[in-house]
Amino acid sequence: MSVALPSPRGIMGDVVQMHFSTPDYVIFALLLVASTCIGLFYALSGGRQRTTQEFLLADRSMSCLPVSLSLLATFQSAVAILGVPSEIYTYGTQYWFLGVSYFLGLLVPAHVFIPVFYRLRLTSAYEYLELRFNKTVRIMGTVTFIFQMVIYMGVVLYAPALALNAVTGFDLWGAVLAMGLVCTLYTTLGGLKAVIWTDVFQTIVMFAGQLAVIIVGAHQAGGMGEVWRKAINGSRIASLDLNPDPTERHTFWTLGVGGVFLMLALYGVNQAQVQRYLSSRTEREAVMSCYVVFPCQQVVLCLGCLMGLVMFARYGEDSPLDKGYMVLYFVMDVFRDLPGLPGLFVACLFSGALSTISSAFNSLATVTMEDLIKPYWPAMTEAKATLLSKGLAFAYGLVCLAMAYTASHMGSVLQAALSIFGMVGGPLLGLFCLGMFFPWANSTGAIVGLVAGLVMAFWIGIGHFVSRMAVPTTLPPIINSTAMPLPSNMTTAVMTTAESDQVHVCLSRPTGVQALYNLSYLWYSAHNSTTVVIVGLIVSLLTGPMKEKDLTPGTVYPVLGNLLFFLPECYREILYCVTPLPQKVGCRPPRWRIPPMNQ
């Protein structure tokens, strides 16, 4: 897939070095070697990954800091590193208000989802669905998650390699194969412990690369004061937009409220994150990892915003550069006289890709093993189960490379593939919320609700995609951020397109079904998860609500009883409607309380 890009001459100067020097190649190679060495270390030390508990859950021995940095790295992908600065350069700092959603988006998982999952001693998040509903719901949830992640893996691997190839001439498939094989190797050999510790290393590289670009770029632009002045003069410093219109792409409400549901889908019920919580030594450390992620996410968001402002200060608003590749053009320009630093940023870029893909491999191997294989072969020995888990991680690595090859032939369908990832997250969040917060929801309601949520998600997503494609325009078909509800800081764009959005703004205000198709991507998760809950509750009430005596202890969180704490105890007990897990330490709590954290 060849990409024709505009020449940067006249915008970034006449001496732009569009190639890597030897120090750049050395730094990039060191990243791959270090990641592989971490995997080898954990394959040859400790328990040597001989049990499924060690391979899939790091023997439940991880401390707070590495878990929190791994949580951060999992969805801080290369796509986000490319997309967020381009978003800020094009539209201004309105996206920064997404940071408001991080508070509830991490507080709710810390105090609702983690206690429930941790005390049930799960390995796969989808085990919860069988405990709460039945095996059919569990399998449906697992298959939906596998579909979501497999679609996404190849794109996350291919997109940064394509950007690097377009800007520097770096061999496209050499980069794809190097990343894919290294990632597969250390994930297969070292298990979750290797994945988490490589995430820690890669997070440090990501911070270093972004900081280097901001510091050098700001210095060349005349200092941060000059950067800020140009951003204000160029109307890139956004004020608080309280427009309640849900079709508006970015407002305080879409970012601060709609973003909460995106965060919950990622940090609350996504297997890649749940697996990290479950690998913690204690429940308290799992909860603390969520708290540590909060300031780290704010720092990451601010770095992306600052990089976008520095880009604007350097080039102004008239740059014809493709917005998807602009960050790499900018880096090559800023570092053209500093050999080694372009390699540092590319290492930062590919660290994001490696952390995301390795998490996908490990989580996919876990759900396949725990949800689709073990229940049907319960007599499998631990040695065979561990070997099979490693084989699954390796197989998903090969699938990732195959998906990257597929992505190279997708063209504009690439946008649809990324949209699919976002579409599936909302219904899965709704399914877990239905089970956890509504004790009368039954398995029939869960199945019908999930199907309804997925149908609604694909209806809106495909309708949006088709309506965009129908817009008459001669502009190049580049990925459109508004159609992609993506993970975490990726929510604005893989490669932002100001052009198509400007065309959209110029059209008349949509009404009826068209208005639904133009719903801001940040509301997708909220809309689709709400659909699952409402349909699931209606069907449950029509088919006979679940009785309290049939609930598995510990699978329902007493949200109403806890929120209405001011009511007399006799009324609260009715609202709790939940049997808690047996307490493991201390005295038995009242029937409506969730047991205290395990120490």
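Cβ coordinates come from backbone N, Cα and C, glycine included.
Automatic, uncurated: that is what TrEMBL annotation is.
Copied from TrEMBL, the annotated features are:
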type	residues	note
TRANSMEM	25-44	transmembrane segment
TRANSMEM	64-84	transmembrane segment
TRANSMEM	96-118	transmembrane segment
TRANSMEM	139-160	transmembrane segment
TRANSMEM	172-192	transmembrane segment
TRANSMEM	204-222	transmembrane segment
TRANSMEM	250-269	transmembrane segment
TRANSMEM	344-367	transmembrane segment
TRANSMEM	387-407	transmembrane segment
TRANSMEM	413-438	transmembrane segment
TRANSMEM	445-466	transmembrane segment
TRANSMEM	521-542	transmembrane segment
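Here the transmembrane segment (387-407) does not touch the transmembrane segment (445-466). Their Cβ atoms form fewer than 3 pairs under 8 Å, with each pair 6 or more residues apart. By the Cβ criterion (distance under 8 Å, sequence gap of 6 or more), the transmembrane segment (204-222) is not counted as touching the transmembrane segment (521-542), fewer than 3 such pairs being found. Counted over residue pairs 6 or more apart, the CB atoms of the transmembrane segment (172-192) and the transmembrane segment (250-269) come under 8 Å in fewer than three pairs, which marks the two as apart. The transmembrane segment (64-84) is not in contact with the transmembrane segment (521-542), judged by fewer than 3 CB-CB distances under 8 Å for residue pairs 6 or more apart in sequence. Same-chain residues lying 6+ beyond the ends of the transmembrane segment (521-542) with a Cβ under 8 Å from its Cβ atoms: 246, 249-250, 254-255, 257-262, 264-265, 422-423, 425-427, 429-431, 433-434, 438, 440-442, 444-446, 448-450, 452-454, 456-457, 460-461, 481-485, 491.
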